[in-house]
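A.B. asks: Dumping the structure here so I can ask a few things about it.
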Amino acid sequence: MANDSFLDRSRTVAGPGYNRWLVPPAALAIHLAIGQAYAFSVFNKPLGSLISGDVNAPAPDDWTPTQIGITFSIAIVLLGLSAAIFGKWLERVGPRKAMLASALCFGGGFLIGSLGIHLHNIWLLYFGYGFVGGIGLGIGYISPVSTLIKWFPDRKGVATGMAIMGFGGGAMIGSPLANNLMGHFKDSAPQGVAPTFIVMGLIYLVFMQFGVWTIRVPADDWKPAGYVPSTEHNAMITTANVSADNAIKTPQFWLLWVVLLTNVTAGIGVLETASPLIQETFSDGAMGAGAGVTAAAAAGFVGLLSLFNLLGRFFWSSASDKLGRKVTYAIYFGLGILLYALVPTLGHGLQLTLFVVVACVIISMYGGGFATIPAYLSDMFGKYQVGAIHGRLLTAWSTAGVLGPLIVHTLHEHAKEQGLTGAAAYQNVFYTMAGVLVLGLLANLAVRPVKEQYYEKGPVTAEAGGH
Amino acid sequence: MTTPANSSAPHVEEPAVGGSAIIAWLYVGIPLAWGVSQTFIKALALFK
């Protein structure tokens with residue numbers, strides 16, 4: 001014990017009387033910070049006009065939107081890869097060390113990125129925010145998941161929903177924070193971006209320390225007061241444990257991989273097109289002079305979708321504790337297929353209010369898909385290495401991050417080449433996404449309990465990730 | 001695995017509401033509420 005670091009798992013085991021409701025805020029401190037990644041687009045125009053100084057008139061040597069967009073893509077790919085690679089390490093060393101690594105990478109990524117911006121060297125920006133920061137995203141995203149599941153065996157969906165809701169909320173904080181800071185620093189550096197990166201890096205590094213130093217894991221024999229595990233047999237909730245290495249050998253893992261892939265791919269279809277979709281579908285030409293949706297209203301629509309993305313993460317994940325994970329995903333896919341197929345009809349019929357309501361429900365289920373998957377994995381594979389298994393499953397997210405925009409842009413460009421406009425230019429996107437959801441529905445329906453041959457033999461301990 | 005000497009003692013769960021829990025929730029709740037309010041204000045433009 002004398003040789004133990006304060007960061008070691010053994011030093012984070014909670015003593016008697018520890019209040020488990022302190023754990024979700026620790027998780028939120030990490031997710032609210034790293035969720036900033038989804039607000040990266042706030043830097044697009046300033047980063048694209050560092051030389052010219054005018055966001056509307058970039059200089060020839062300014063970075064192009066494509067060059068800047070690669071930064072975010074690298075970060076999301078690294079999120080999936082690092083979650084997959086470092087998952088077992090996280091299970092072994094515990095959440096505190098992982099959260100500190102995440103904070104150092106994420107905050108440090110901003111600082112390296114600021115140097116890249118100052119020197120106008122995009123490779124340094126890619127390395128800092130994209131590569132180093134992306135590793136921080138991946139480790140941070142999975143760092144509290146298995147801990148929360150162990151603290152809340154009676155409410156796994158509620159607990160993971162709270163944390164992953166924070167990832168959605170992080171963009172809501174990161175976007176106005178960045179805008180305010182860039183406004184503050186605009187006279188001291190080109191577009192105020194480099195100092196904004198420094199300040200945000202330091203803010204997030206400090207903010208995440210709350211999670212690092214308050215996170216606790218339960219003792220192996222801990223149970224919530226009065227908690228009696230259900231004796232009612234439910235084949236879809238295992239009492240056994242499957243290791244991460246064995247989990248990826250099961251069809252269940254890959255079926256859930258497809259479930260996450262399809263849910264995220266379809267959701268990106270709406271998120272990617274939200275602003276142009278509502279403006280082009282409900283334009284002045286379609287609605288009448290002055291009655292069309294303006295750019296400001298479209299930005300409001302995007303904001304509304306963000307709110308429902310956030311709320312859906314908590315609502316649907318919590319509901320899954322009562323409904324069951326398989327039923328919850330069947331709702332995501334079944335209702336999703338109907339709603340995606342309905343969107344073009346509402347567009348053609350100029351039903352703006354219904355269109356907005358349907359889009360909000362769709363996005364709530366997109367968020368819900370992210371938040372419910374850790375509990376689904378815990379039900380299927382046990383809590384032993386659920387963080388590592390979750391990390392490996394997140395490669396589906398990275399894949400969807402490439403696949404979703406590719407489908408959307410290809411179909412939309414094709415429709416435009418055919419001279420289609422308004423709702424017609426997007427209808428194939430939504431019909432295709434409904435088809436993608438059919439695949440997800442079938443994959444979800446095919447999920448069955450894991451065979452005994454994959455179970456761990458004998459008792460497992462919290463630190464057994466080090467096998 | 002090294003565990004604290006008291007890890008095998010009976011574990012009693014504290015109530016959900018406690019001084020430290022309130023501070024912890026305020027720490028994350030205040031910035032989240034600020035972010036949500038900013039987004040909500042932006043979203044209002046859709047209804048104008």
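Glycine residues also receive a Cβ, built from the backbone N, Cα and C atoms like all the rest.
Here's the feature list from TrEMBL:
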DOMAIN    A:25-452  domain 'Major facilitator superfamily (MFS) profile'
TRANSMEM  A:21-43  transmembrane segment
TRANSMEM  A:63-86  transmembrane segment
TRANSMEM  A:98-117  transmembrane segment
TRANSMEM  A:123-145  transmembrane segment
TRANSMEM  A:157-177  transmembrane segment
TRANSMEM  A:197-215  transmembrane segment
TRANSMEM  A:253-271  transmembrane segment
TRANSMEM  A:291-315  transmembrane segment
TRANSMEM  A:327-346  transmembrane segment
TRANSMEM  A:352-377  transmembrane segment
TRANSMEM  A:389-408  transmembrane segment
TRANSMEM  A:428-447  transmembrane segment
A.B. asks: Does the transmembrane segment (A:352-377) come close to the transmembrane segment (A:327-346), meaning at least 3 CB pairs under 8 Å for residues 6 or more apart?
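C.D. replies: When sequence-distant Cβ pairs are counted, the transmembrane segment (A:352-377) touches the transmembrane segment (A:327-346), since at least 3 lie under 8 Å.
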A.B. asks: Which sequence-distant residues neighbour the transmembrane segment (A:21-43)? Criterion: at least 6 residues beyond either end, Cβ under 8 Å.
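C.D. replies: Counting only partners 6 or more residues beyond its ends, the transmembrane segment (A:21-43) has Cβ contacts under 8 Å with 68, 71-72, 75-76, 79, 99, 102-103, 106, 129, 133, 136-137, 140-141, 143-144, 147-148, 151, 159, 162-175, 177-179, 193, 200, 204, 207-208, 210-211, 214-216.
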A.B. asks: Would you kindly check A:98-117, A:197-215, A:253-271, A:352-377, A:389-408 and say which stretch has the most C-beta pairs under 8 angstroms to the transmembrane segment (A:63-86)?
C.D. replies: A:389-408
A.B. asks: Cβ under 8 Å to the transmembrane segment (A:389-408), counting only same-chain residues 6 or more beyond its ends: which ones?
C.D. replies: 73, 76-77, 79-81, 83-87, 90, 138, 141-142, 145-146, 242, 244, 247-248, 253, 256-258, 260-262, 264-269, 272-273, 370, 373-374, 377, 381, 429, 432-433, 436
A.B. asks: Counting CB pairs under 8 Å, which listed stretch among A:98-117, A:157-177, A:197-215, A:253-271 touches the transmembrane segment (A:291-315) the most?
C.D. replies: A:157-177
A.B. asks: Would you kindly list the residues that approach the transmembrane segment (A:98-117) from elsewhere in its chain, counting only those six or more residues past its ends and only Cβ-Cβ distances under 8 Å?
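C.D. replies: Residues 7, 26, 30, 33-34, 47, 50, 71, 86, 89-90, 123-137, 139-140, 142-144, 193-195, 197-198, 200-202, 204-205, 208-209, 211-212, 215 contact the transmembrane segment (A:98-117) from elsewhere in the chain.
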A.B. asks: Looking at the domain 'Major facilitator superfamily (MFS) profile' (A:25-452) alone, can you tell me the average pLDDT?
C.D. replies: 93
A.B. asks: Using a Cβ cut-off of under 8 Å, list the residues of the same chain at least 6 residues beyond the transmembrane segment (A:197-215) that approach it.
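C.D. replies: Long-range Cβ neighbours of the transmembrane segment (A:197-215): 12, 22-23, 25-30, 32-34, 36, 95-96, 99-100, 102-104, 106-111, 113-114, 117, 129, 140, 144, 147, 174, 177-178, 181, 185.
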A.B. asks: Are there residues at least 6 beyond the ends of the transmembrane segment (A:253-271) whose Cβ is under 8 Å from a Cβ of it, and what are they?
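C.D. replies: Cβ under 8 Å, 6 or more out: 247, 277, 305, 329, 332-333, 336, 340, 359, 362-363, 365-367, 369-370, 373, 376-377, 380-381, 389, 392-397, 399-401, 403-405, 407-408, 429-430, 432-434, 436-437, 439-440, 443-444, 446-447.
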